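Accompanying notes for the structure given below.
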């Protein structure tokens with residue numbers, strides 16, 4: 001069996017800025033809990049005040065264009081620098097520009113003349129608020145990754161747990177789900193310990209026939225109670241894998257997914 005070559009060093013390259021940040025964090029950790037809490041509070045308050053100042057300060061057209069161009073130029077420079085400080089700087093600049101735009105939209109563009117303009121205008125601002133929320137949540141997930149090193153599985157693959165891969169589907173086209181199924185079959189894991197199941201809540205005959213042709217499990221049910229959660233719970237009654245991996249019908253897993261993720265599961269298996 002061919003295994004994926006995994007690098008044990010998943011940490012980002014060390015730079016002068018990252019070394020400085022690590023030294024600063026070490027000194028901060030040596031302080032008393034009361035002092036650390038006070039410093040965090042002060043930093044948060046000062047940061048929020050500075051952001052509010054930058055977001056709300058009035059600028060004419062030319063100054064606003066200069067601000068936008070300066071943010072863009074700074075991003076082009078910062079994005080080439082490795083390390084977490086550059087990532088946080090990019091996030092900060094992006095949020096500053098986004099919040100400033102939303103402040104301008106709320107204070108300068110909502111003076112409508114009739115009900116139709118109001119309906120369309122407020123509908124657009126709601127959509128923009130939703131987009132901003134998605135951006136902020138995305139930054140929360142990606143701004144400070146842990147960079148955990150993968151744990152290598154034992155050399156004796158007979159000790160590895162069995163894994164059931166669930167691919168729930170409802171109304172996705174077979175041409176889309178095929179890609180996920182083929183990728184799941186190609187995951188780097190012992191063939192006798194990897195089983196792929198399509199959980200078809202659409203009860204489609206072409207899905208059943210395709211799964212039978214390629215040797216993939218096909219599971220369905222008589223109703224759609226509780227949507228995807230109900231679909232997964234129903235599948236658990238018909239499978240017995242020691243571990244379960246679930247991929248949306250349009251999410252193609254990488255070949256090394258289980259090799260990277262299962263080491264941690266195996267270490268704490270009991």
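The backbone N, Cα and C atoms fix where each Cβ goes, glycine too.
Check TrEMBL against the ranges 18-36, 37-55 and you find transmembrane segment recorded for 37-55. Residue counts for the domain 'Glycosyltransferase 2-like' (165-267) under DSSP, helix first, then strand, then coil, are 46 helix, 19 strand, 38 coil.
Long-range contacts of the transmembrane segment (37-55) within its own chain (CB-CB distance under 8 A, at least 6 residues past either end) are made by residues 28, 31, 95-96, 99-100, 103.
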